[in-house]
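K.L.:
Below is one structure. I have some questions about it.
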């Protein structure tokens, strides 16, 4: 059997009892290591799971799936995913490959950022299409995602923005030269995402467009959701551009305009003081 197991969002103990039982009996256990991260390292997971883990990077999952699935028709192989297994389309492709090879599979679900964002008080059924915000470069500054934000705002729905993760990335020079030298990991923060959004807003104004989001749009920043040091901050997009929520992983929500009174009351727990740009905690702001 090929098992795809969600690990949840916090640390080693967030795995389900069912998932842990499966991991401990598998012949090989892979840990997907590029779409998200836990607050603890591989060694901590290995100690708690009592199993050695094989790190699987993007290249291996996308190009060498057959190596991961090898012998899964005659033994148990597990593939561990931070959050829920279907938080990334890559994992659906792995399931499809297993099916084509005649390998039976089973999915063990867990919490993901897609539903855990409800911790800030915004109601899950009022979220629209999720978008990704990537790190800009000197030559690549995409703004196409903003159309989906605009559509969500027009529909009165919130937008969850998943922020870029750069793990095991190569520089252009090393890529061209075929050198397996990788850049240090980078994780986009809420304030970095907000700064890019503010620039998109300004670019739209320069083009004579009316931006769907302004500096005063209410947003919510979240960091390390599910961990003990989880942080949430609610304020304007301008405030989000300077807020410090600490280490990764971060997410940003752009609200859909009209809020339910209960949503407003919940967000008041996390409001950034108007003259503050410091770090925020999960309550009593």
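Every residue gets a Cβ built from N, Cα and C, even glycine.
What TrEMBL shows for this protein is this:
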DOMAIN    1-239  domain 'Tetrapyrrole methylase'
BINDING   9, 84, 87, 112, 113, 163, 225, 250  S-adenosyl-L-methionine binding site
K.L.:
Please list, in sequence order, the residues in the chain of residue 87 (S-adenosyl-L-methionine binding site) that are at least six apart in sequence and whose C-beta is under 8 Å away from its C-beta.
P.N.:
35, 36, 81, 112, 113, 114
K.L.:
Go through 113, 225, the listed binding-site residues, and name the one with the sparsest Cβ surroundings, counting other Cβ atoms within 10 Å.
P.N.:
113
K.L.:
Sequence gap of 6 or more, Cβ distance under 8 Å: name the residues on the same chain that satisfy this around residue 84 (S-adenosyl-L-methionine binding site), in order along the sequence.
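P.N.:
Residues satisfying the criterion: 6, 109, 110, 111, 112, 114.
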K.L.:
Test of understanding: give the count of other CB atoms lying within 10 angstroms of the CB of residue 250 (S-adenosyl-L-methionine binding site).
P.N.:
24
K.L.:
Averaged over the whole of the domain 'Tetrapyrrole methylase' (1-239), what is the pLDDT?
P.N.:
91
